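A.B. asks: Residues or ranges marked as domain 'Acyltransferase 3' by TrEMBL: 1-391. As annotated by TrEMBL, transmembrane segment applies to 34-52, 72-92, 123-144, 151-168, 180-198, 205-221, 227-246, 258-277, 289-308, 335-355, 375-396.
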Amino acid sequence: MRGAAVLAVLFEHLLDPLFPEVRAAVSPRFDFGQYGVMLFFLVSGYVVPASLERRGSVTGFWIGRAFRLYPLWAVVAVAGTVFGLAQVYAGLPDALAEHPVTAGLAHLTMLQDFLQVVSVVNVFWTLSYEMVFYLLVTALFVVAPHRPRTTGVLVVAMAGVLAGGLLPAGALSRALGGDAAVLLATAVLVAGMAAILGGAHRGRVCGAIAVAVLAVVLLGWNSRVGAWQSLAIVATMFAGTALNRLDHGRLHRGARWVVAMVPVVCVVAALRFGPGWGMSEEEAVAFRWSWSAAVVAAWLTFMGFRTLRPGSFRVPRAVRLSLPRPAGFRVPRPAALLVRLGVLSYSVYLLHPLVVQVLRRLVPYPAQVPLTGRIGLSLVVASAVVGAATLTHRFVELPAQALGRRVVRAHARRG
């Protein structure tokens with residue numbers, strides 16, 4: 001499923017440099033990028049809270065997440081900064097160049113999209129939502145480890161989506177100033193996480209409340225986009241959590257109707273409120289319909305994959321294949337290729353914008369290139385992205401994850 005999601009995002013980012021006619025014809029009706037990231041968010045919602053509950057250790061969970069996310073993120077952040085300074089395609093955004101310390105601090109928290117700081121690599125914005133989700137899941141686990149309130153959280157989240165159109169985007173940064181908002185959010189995050197990971201029970205609860213309040217305030221009052229859209233993403237992730245619990249018999253069957261309302265509420269909010277930033281009327285109408293269609297398609301895809309094996313995202317053994325050996329010259333099955341892309345999805349997702357920048361530098365005027373040539377270029381780009389992702393997965397992701405597991409085991413022995 002992650003393989004399908006990352007392919008959709010890659011295709012979205014190839015439209016402007018290679019297929020502007022597809023952009024003009026299709027994008028007003030369907031957003032491939034939004035489809036891909038919503039699919040990612042559903043999967044994260046399904047698997048991440050289950051991982052925390054399975055571990056039973058907040059510290060172990062966060063060590064694992066840190067070693068899973070940060071090493072490759074750091075490599076790509078440095079590369080993105082170098083690309084910007086070298087103006088491979090576009091220069092480093094002025095806001096990052098003028099405020100390097102607070103911009104760097106915001107990026108280190110992975111909350112930059114909620115702190116009105118431009119991401120050094122455009123796809124980093126989704127990591128801000130992942131981080132907010134982790135904070136909320138952690139807070140719920142600390143406060144009520146044996147009483148998951150998934151249905152209640154979904155109801156509150158959907159109410160927030162419907163009220164989100166009334167909330168002012170970026171209000172916190174405007175009121176405090178950009179640098180002050182970054183420093184305040186970082187201080188609350190560090191203090192809250194320190195209390196959660198190292199404090200006594202009362203301190204852990206206080207830390208959980210602090211990070212939960214921070215997450216809610218950032219979602220509702222300091223999002224880069226409309227608050228309804230940010231809350232819709234988080235509601236979608238918690239819907240994934242609810243589906244996991246339904247699949248494993250940990251949630252009453254009546255909750256299915258609450259889950260089913262999530263995409264409905266998201267679409268209603270999109271059609272009612274529209275984009276949370278300046279657009280022409282024509283662009284706003286296109287956003288409403290393309291975003292809504294992407295959300296519906298992501299849900300249909302998710303539910304389709306989910307039916308492969310009720311209660312699990314594991315696909316049949318015959319599909320879980322490695323790529324064929326080169327000596328055979330066989331074309332890999334689409335399912336096997338998607339599984340392989342799923343394994344590489346984090347690397348593919350973070351690296352592909354850099355490869356696309358190189359493409360845009362080399363092909364500034366796609367309309368002058370014949371369609372067959374552009375299709376060939378898209379295959380070259382996809383191959384380059386997968387090749388680079390294979391290397392970073394092998395030499396960055398896997399060693400970091402192995403080190404993280406050793407740190408978790410060492411912490412468990414001490415604890």
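Each Cβ is built from the backbone N, Cα and C atoms, and glycine gets one as well.
Automatic, uncurated: that is what TrEMBL annotation is.
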A.B. asks: Assess whether the transmembrane segment (289-308) lies in contact with the transmembrane segment (335-355), where contact requires at least three Cβ pairs under 8 Å among residues 6 or more apart in sequence.
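C.D. replies: Output no: the transmembrane segment (289-308) is apart from the transmembrane segment (335-355).
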A.B. asks: Mark yes when the transmembrane segment (258-277) and the transmembrane segment (123-144) have three or more Cβ pairs under 8 Å (sequence separation 6 or more) and no when they do not.
C.D. replies: no
A.B. asks: Near the transmembrane segment (151-168), which residues from the same chain, at least 6 beyond its ends, have a CB less than 8 A from one of its CBs?
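C.D. replies: That would be 140, 219-221, 226-232, 234-235, 238-239, 242, 251, 255, 258-259, 261-262, 265-266, 268-269, 272-273.
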A.B. asks: With pairs 6 or more apart in sequence, are the transmembrane segment (34-52) and the transmembrane segment (375-396) linked by at least 3 Cβ pairs under 8 Å?
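C.D. replies: These two segments do not touch.
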A.B. asks: At a Cβ cut-off of 8 Å, and with pairs 6 or more apart in sequence only, do we get at least 3 pairs between the transmembrane segment (335-355) and the transmembrane segment (72-92), yes or no?
C.D. replies: yes
A.B. asks: Do any residues, 6 or more residues outside the transmembrane segment (258-277), come within under 8 Å Cβ-to-Cβ of it, and if so which ones?
C.D. replies: 151, 154-155, 157-158, 161-162, 164-165, 169, 223-229, 232, 235-236, 239, 242-243, 246, 283-284, 287-288, 291-292, 295-296, 299
